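Have a look at the structure below, then the notes.
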Amino acid sequence: MIEERDLVLSNGIHCIADIHSELYARLKKESQAATPWVYQKQYGKFVTYFVAVIIFLSLIKKLAFMYYDSSEEFLPEKKNSPTTPSVFLARIMTKLVAFNRYICYRKFPTLIFSYLGIPTSVGTFLVVMATTLYTLLYCFVPHPFYRPCAGFGSPPLSVRAGIMAISLVPFVFSLSGKINVIGWLVGLSYEKINIYHQWASILCLFFSWVHVIPFLRQARHEGGYERMHQRWKASDMWRSGVPPILFLNLLWLSSLPIARRHFYEIFLQLHWILAVGFYISLFYHVYPELNSHMYLVATIVVWFAQLFYRLAVKGYLRPGRSFMASTIANVSIVGEGCVELIVKDVEMAYSPGQHIFVRTIDKGIISNHPFSIFPSAKYPGGIKMLIRAQKGFSKRLYESNDDMKKILIDGPYGGIERDIRSFTNVYLICSGSGISTCLPFLQKYGPILHKTNLEVITLDWVVRHREDISWIRDEMCTLSNNLRQLFLDGKIVVRIYVCSDSTVPGIIKTFPQTIDTASDQSDLAKREKDTEFGQDDTESNSTFDKSNNEYKGLITIIPSKPDLNQVINDYQIGFRNCFICSGSDSLRYTVGNSVAGLQAKVFSNKNVEECYLHSESFGY
């Protein structure tokens, strides 16, 4: 019987047996007066205010850089503009920014932190930890955690933890979208802020359990398991709380790095189904307690607005196009484990560094994957994608024998917020298929170098095998043809590092205009091996016609794995420097730490004003 286990307070009142007594009612009223149940909803507002402040500060930073970039004299009409920031304010700003970047650009060991789902960027880590600390303090510092008896009201710890969890839901859903209002405000694309979506979800899950446990603990403390069973049967709130926390736990488990790594496509389909179940069950559970359902109303309004905007502007409902209009992509194998997709004509505007989501119209239509895009040299007006065969979608595409595929395009997304034209030096650092991100910057800004502040564009590309260079053969030939003088003047520098020592016929260090494939290819391979890369080879070769000699020395191929830290430190840093990197985790780790170290030059060298880093990753 429950009465056999009945908590007795110091004043002699029983928490269960005396529940209908006048003294019990008076003590309940005193407990509510001391810690009002209705006040607990303020803790949800405290969380919202904190996140709003972070977003506001990020917005200020974005607007400041937009103003700063627009005031630069990289266009004739901007010269001698009265809107140029004062020298004093500019110096203060550059020093503060450099100090911030000195800390925030640094990277933690990628393998360990990524495996644990912890942000690898120091800057992101600090924001996440600040938010975590703030919410933990607001949840656990206020007392009391419990009321003397459960009948006096819900445990204050449970109520405030629950309302804090609900207040995070709008941010969780908003940050999940490929188009989201928070990303637009802070100037980050969705793949950059996806880590905040993950950690907002983790905090939401944590506070959900903090909400649940005090109810269970107090019921057991007062009347044992029988009391818990009675509360379960009598309270609809208890029963309705199970589905949302179950959905939330399944969302967390399926989102763990190890689960995403091995079951990515299952995760993609399961994620939105569980999210819908979580939202509906949570709405039923909280309505209308403390008006907390209004957080969920805001969630659905923002989420649907983002979804509609994405479909209408980026996706399959674009005005002037038929619903889910498909396009044809040419498919070809361009090396071991690499597929080339070319769409000859695209009806969308895009910027360097952006990517699209591709969905093939076949049995794999439910799968869509992101790929960086760049202009195709072979088909002007077309776009090209390089896809490394790994698992799922990319592996099926690589193993298919199709020369053409019907695809659906969603995008473009991502890109860089800063105006590249305002920098003096641009350094493009990439490995493998990361060239898809970096090359379009050279393609776009190389031809207009003389119209901007840009003085030098440097591309350093690390590949495993020499044959990988053929991925962008046409594009590099076009660039070396059209921008030959810039190459010769050292205003465009291209270095390709080949980690292995394999040699494939038809790939040469200087990207000749024409190649006679009927020639003795083994002789060519031997000559390449014997040649000192980066130097002019004056020996004639029957493989190439006379025009080939024009391209000697324009592009340097180095047959070794580079020390990227040394490569970056050897750069002739200019006045305003932009570093763009894309590739492996180890590359981004090295580049991040190296560019963080370069911030010291902003303090020590008056001829260096800025070292900005933009990195791309497909870890989302």
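Glycine too: its Cβ is placed from the backbone N, Cα and C atoms.
Long-range contacts of the transmembrane segment (46-66) within its own chain (CB-CB distance under 8 A, at least 6 residues past either end) are made by residues 93, 127, 131, 134-135, 138, 164, 167-168, 171, 182, 185-188, 417-418. As annotated by Swiss-Prot, transmembrane segment applies to 46-66 (among others).
Sequence annotations record features per position, and here Swiss-Prot assigns topological domain 'Cytoplasmic' to 67-107 (among others) based on similarity to another entry.
The annotation transmembrane segment is assigned in Swiss-Prot to 108-128 (among others). Below 8 angstroms of C-beta separation, residues 54, 100, 195-196, 198-199, 256-258, 585-586, 588-589, 592, 619 of the same chain, each at least six residues beyond the ends of the transmembrane segment (108-128), sit close to that stretch.
The annotation transmembrane segment is assigned in Swiss-Prot to 168-188 (among others).
The average per-residue pLDDT of the prediction over the topological domain 'Cytoplasmic' (189-194) is 89, rounded to a whole number. Among the features that Swiss-Prot reports, topological domain 'Cytoplasmic' is placed at 189-194 (among others), with the record citing similarity to another entry.
Here the transmembrane segment (195-215) has Cβ contacts under 8 Å with residues 117, 119, 124, 127-128, 131-132, 135, 139, 145-146, 150, 154-155, 157-159, 161-162, 164-165, 168-169, 171-172, 175-176, 231, 238, 241, 244-245, 248-249, 251-252, 255 of the same chain, all six or more residues outside its ends. Annotation source Swiss-Prot lists transmembrane segment at 195-215 (among others), citing sequence analysis.
According to Swiss-Prot, the transmembrane segment annotation covers 238-258 (among others), on the basis of sequence analysis.
For the topological domain 'Cytoplasmic' (259-265), the number of residues in each DSSP class (helix H, G, I; strand E, B; coil) is 6 helix, 0 strand, 1 coil. Taken from Swiss-Prot, the feature topological domain 'Cytoplasmic' covers 259-265 (among others), and the record attributes it to similarity to another entry.
The transmembrane segment feature in Swiss-Prot is assigned to 266-286 (among others); the stated evidence is sequence analysis. Same-chain neighbours of the transmembrane segment (266-286): 162, 166, 169, 173, 176, 237, 240-241, 243-244, 247-248, 250-251, 254-255, 259-260, 292-293, 296, 299-300, 366-367, counting only residues six or more beyond its ends whose CB sits under 8 Å from a CB of the stretch.
Taken from Swiss-Prot, the feature transmembrane segment applies to 293-313 (among others).
Per Swiss-Prot, the feature topological domain 'Cytoplasmic' maps to 314-620 (among others).
Residues annotated as domain 'FAD-binding FR-type' in Swiss-Prot, with sequence analysis given as evidence: 321-419.
Look at Swiss-Prot and you will find 523-532 tagged as compositional bias 'Basic and acidic residues'.
For the topological domain 'Cytoplasmic' (189-194), the number of residues in each DSSP class (helix H, G, I; strand E, B; coil) is 5 helix, 0 strand, 1 coil.
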